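Enquirer: I'd like to ask some things about the structure below.
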């Protein structure tokens, strides 16, 4: 199979294009495929807080493959064995949580690259990513098609942001608002003025360094604000939250005493 590996999500980030995404936490291929038909530019399949197994992630990648929406996988952490598994099932774009230092970022980059550029284990003949060994020169071309995003979501990470941005192989940095606000002393309050100031400053620093800047905003006004600050890959909702809101709204139409969606915290 003479196939040229491409990653439209990465190419659009390189061009500075704005991409609007949706967080998938429902853990099913059925729900993932429904989301893929909606037209979002990218879909974050969450393995950190949602109870997704490797096989769950695999099935969701299969479900969205026929559609234009580009999948992004967030594993529970950035260990070398887990990254290897996620890449082998066909993920081309990864979002690695809780990256606090440049050394951590370099380790993650190494885990995504085959030798001599990194430490990714070789097993193309059993990997969906290589179409079970049928993609010619897979190892030679895969590095260019991988997109690696890291999450900055603590005070320590903010202190090290410039060094993280200097790491070769990092394509973008995602601001994690919930963990960041907690780390700064404002738990469940990403809207606090000090947190907002830091988010704005961080987004501008990321873009000034030539990297893509990402954010998850469950409130539309916050999403618009982040886009105005320069963020160019922004998730504007979480499927489970949207689902629960829709259920509440429908119930409120028919049962007295129900006032629609409950007020929820940040993610």
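Heads up, the Cβ atoms here are built off N, Cα and C, so glycines get one too.
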Enquirer: Out of 151, 196, which one does Swiss-Prot list together with 178, 179 for substrate?
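Expert: Among the candidates, Swiss-Prot records only 151 at this substrate site.
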Enquirer: Here the recorded positions are 88, 153; which one has the lowest number of other Cβ atoms no more than 10 Å from its Cβ?
Expert: 88
Enquirer: Hey, what's the Cβ neighbour count for residue 74 (site 'Transition state stabilizer') at 10 Å?
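Expert: Taking all protein chains shown, residue 74 (site 'Transition state stabilizer') has 26 Cβ neighbours within 10 Å.
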Enquirer: Just to verify a number: CA distance, residue 88 (site 'Increases basicity of active site His') to residue 74 (site 'Transition state stabilizer'), in angstrom, no decimals.
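Expert: Given the Cα positions, residue 88 (site 'Increases basicity of active site His') is 14 Å from residue 74 (site 'Transition state stabilizer').
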Enquirer: May I ask which residues of the same chain, at least 6 positions away in sequence, place their Cβ under 8 angstroms from the Cβ of residue 49 (active site, proton acceptor)?
Expert: 25
